[in-house]
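> Before we start, here is the structure in question, set down as structure tokens.
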Amino acid sequence: MTREFYTYTVSGRHDSCGSVSNPKFQVAGPGGRLLITGQPEYMGQVLAAVAVSLGPFAAGLGKGYSSPAIASLQQRDNDAFPVSGQQASWLASLSLLGALFGAPLGGAAVRWGRRRTLIFASIPLSVCWILVAFATSVEVMGFAAFVSGFLVAIVQLAAQVYVSEISAPSVRGGLSALLKVAGHVGVLVAFAAGAVLDWRQLAGVIAFAPGAMCVAVWRLPESPGWLVLRGCDQEAEQALQWLRGRTVDLHVELGTLKTHVLSRAVPSTPLILLRSLRGPTLIACGLMFFQRFSGANAFNFYVVTVFRQTFDGTNPHSAAIAVAIVQLLSALLSGLLVDRVGRLPLLVGSSVLMSLALASFGSFAYYEDAHRGAIPQLDWIPLLCVLVFTVAFSLGISPISHLLVSELFPLEHRGLGTALATAFSYLCAFIGVKTFVDFQELLGLHGAFWLYAAISVCGLCFVVCCVPETKGRDLNDIDPTR
């Protein structure tokens, strides 16, 4: 097969940050002919991102299911079987353990096709939630939780890779943030529905979400980058035309993709592959470690239980819904800011506020435990701490760590690299969720959150020293080792 090569330059007004406003691309194609292209249209990219975001929405429903479902089970609502505290911690964490094994398979599956992977993982995921709705024992729920986590990891990995590859650099951060927003919407819906539905009814509602994603993704084009990587140049051009609009000349982008793929052959030895992946993997795994051990898992999976221990009169379900609403609004704000402010400023601000909020929550829990019954009702203090933490977490490290994972790895290794980072992320999440009860028993509620605050401070140092800025840069030009 003969491939044509294109060279291009960009002209336009440069702002103080070096970005080009109202760009015009001059493309030198085969034979030296000059082509002029304008700005791409974004409607196709937005529609594709919205359709794919139903996958993270289903994942968010599952994430938000644990807290109200465990509370419902422990209250023996509607013929629920007995569930101990340790069994509850296993139910909350088994989905993350399943995701640990699902992420590597997801890395292999996306090599088969990003869109295709999303479609084929959706139906079994719906079946898992139907199984939860009719479960008759903790063991059945645990099995369904493990398998659903396995499938959710595949869906989320494929969704993140797909959106990062179809998006223009100017909107990549915002569209990637849309996936996190969809996840937060799912958590909010699960919390709100869990306040009025029991655990069986809630599982039945969640079962519809993966099927909706399958229908929405069915008509989308495959990732152009993946198609070029497979040598399907004509299909890649058609996919780009759908995503960028009918009036846009695609020679510059398609030519860049072809040149990048042909100039970066897959390393033939494990040593070269290790060198190629070492830098991005260390940065991505570091971000995932500090995200997962920041205390977010304690709030997401045990929020109702935690609020019951610190509140005197406030309804914990209402507080959990308020937290989910703030989480959603913060994720929306992150999507608006990430391509304007940049990744690093949001990460630094997020880490600082999270550390302060966690330390304050731990201090309140210690003071209340030491003076229980001798102080007035101060429910607003722990709620404020959780809300500040939620804003900081959802504005910075939560969406940006996943965005950077999809940005740092080169196209030819993006599936493998993203799978490694995602598997490590779920391993940390599983350990974090499973050990929260153990930390609480060993250190007390206050000690557990002081520990999370110390980890967040270490995360701040890691961000400042190791994480590169990727704002406005083409995926093919990002090299974390430079």
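Glycine is no exception: its Cβ is also placed from the backbone N, Cα and C atoms.
The domain 'Major facilitator superfamily (MFS) profile' annotation in TrEMBL covers 48-471. Among the features that TrEMBL reports, transmembrane segment is placed at 90-110, 117-135, 141-163, 175-196, 202-220, 282-307, 319-338, 345-368, 380-404, 416-437, 449-467.
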> Answer yes if the transmembrane segment (380-404) and the transmembrane segment (416-437) have at least three CB pairs under 8 Å among residue pairs 6 or more apart in sequence, and no otherwise.
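These two segments do not touch.
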> Among 202-220, 319-338, 345-368, 416-437, which stretch has the highest count of C-beta pairs below 8 Å with the transmembrane segment (117-135)?
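It is 202-220, which has the most Cβ pairs under 8 Å.
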> Going along the chain, which residues at least six beyond the ends of the transmembrane segment (141-163) come within the CB cut-off of under 8 Å?
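Contacts with the transmembrane segment (141-163): 48-49, 52-53, 55-56, 58-59, 62, 90-91, 94-103, 105-107, 109-110, 114-115, 117-118, 121-122, 124-125, 128-129, 131-132, 135, 172, 175-176, 178-179, 210, 213, 223, 402-403, 405-406, 414-415, 418-419, 422-423, 426.
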> Based on Cβ pairs under 8 Å, which of the stretches 175-196, 345-368, 416-437 lies most in contact with the transmembrane segment (202-220)?
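Between the candidates 175-196, 345-368, 416-437, the best contact partner of the transmembrane segment (202-220) is 175-196.
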> By a Cβ-Cβ criterion of under 8 Å, what residues six or more beyond either terminus of the transmembrane segment (90-110) are in contact with it?
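Non-local partners: 62, 66, 69-70, 73, 83, 117, 121, 138, 141-142, 145-158, 161, 226, 301-302, 414-420, 422-423, 425-427, 429-430, 433-434.
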> Is the transmembrane segment (319-338) packed against any residues at least 6 beyond its ends, judged by a Cβ distance under 8 Å, and which are they?
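Same-chain contacts beyond the flanks: 64, 67-68, 173-174, 176-178, 180-181, 183-185, 187-188, 191-192, 195, 299, 303-304, 307, 311, 346, 383, 386-387, 390-396, 398-400, 403, 471.
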> Below 8 angstroms Cβ to Cβ, which residues of this chain, lying six or more residues outside the transmembrane segment (416-437), approach it?
85-86, 89-90, 92-93, 96-97, 99-108, 110, 149, 153, 156-157, 160-161, 277, 280-281, 284-285, 288-289, 291-293, 297-298, 301-302, 405-406, 408-410, 448
